[in-house]
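Engineer: Look at Swiss-Prot and you will find SER103, TYR208 tagged as CoA binding site. Residues or ranges marked as substrate binding site in Swiss-Prot (evidence: similarity to another entry): ILE106, HIS107. The feature N-acetylmethionine is assigned by Swiss-Prot to MET1, with similarity to another entry given as support.
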Amino acid sequence: MDIDAYFERIGYKNSRDKLDLETLTDILQHQIRAIPFENLNIHCGEAMELDLEVIFDQIVRRKRGGWCLQVNHLLYWALTMIGFETTILGGYVYNTFNDKYSSAMIHLLLKVTIDGRDYIADAGFGRSYQMWQPLELISGKYQPQTPCIFRLTEDRGTWYLDQIRREQYIPNQDFLDSDLLEKNEYRKIYSFTLEPRTIKDFESVNTYLQESPASVFTSKSFCSLQTPEGVHCLVGFTLTYRRFNYKDNTDLVEFKTLNEKEIEENLKNIFNISLEKKLTPKHGDKFFTI
């Protein structure tokens, strides 16, 4: 695996020498704007692999994306390669529909230590929940970013990530009640502890998430990519673009329903993805918002 190929894939041409917050932020932003958060393998009849060589081939060489276990594993490798002190952590994702955090550790995120300060770096949550900058690991501090205001809080060794969102304007009235829309201004995202993990800790859940009928990842096909102003999402046959803070503390959310040919065209034109196998778009009943 070639670190230069990774940086070429994300379009990063800046310094790799300074192991500071500015460099970490720059790399994170390049990755989330180049590498989609997506689960299309599942809906093309292919596996979501955890092996780093396979992930590198999929994302860097074949210009695909991946889900958190893949894109954050790749980010962990890249940051470690250039000298950042990086630790894999495990997260428990909040389900709004059930009003609770997952019982299984289904999310992979990173802790990066710079000059004695700890930061959370996560390139694998996508949609309008995706951080654009690393979050300083300080309990109770509001950390405003372009997508929203993020906050980390700690209680008896467990950390919680939440966000305060803007109002949203949906010009296409047909989608005002879409099940893809986040309805809450305040939103819990996930919890985690600071216990170091390895990729092996995620092997069983990686299998479960792509095989179980109860998994949102088998219920819905999705692809999400950040832009300098917002985020594109394709869920099943529905394409959305959210422009953050387009006016008066309000996000603009545009919806469009695509046919199969348009899905293929938009995957290529918006997400830079050309699939090798046929995609079966799916919008099942499991809770998933953009």
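Each Cβ is built from the backbone N, Cα and C atoms, and glycine gets one as well.
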Engineer: For the recorded positions MET1, SER103, ILE106, HIS107, TYR208, which one has the sparsest Cβ surroundings, going by other Cβ atoms within 10 Å?
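Structural biologist: Selected from the recorded positions MET1, SER103, ILE106, HIS107, TYR208 on minimum Cβ neighbours within 10 Å: SER103.
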Engineer: Between HIS107 (substrate binding site) and TYR208 (CoA binding site), what is the CA-CA distance rounded to a whole number of Å?
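Structural biologist: Computed Cα spacing between HIS107 (substrate binding site) and TYR208 (CoA binding site) is 13 Å.
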Engineer: Round to a whole number and give the Cα-to-Cα distance in Å for the pair TYR208 (CoA binding site) and MET1 (N-acetylmethionine).
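Structural biologist: Between the Cα atoms of TYR208 (CoA binding site) and MET1 (N-acetylmethionine), the distance comes to 28 Å.
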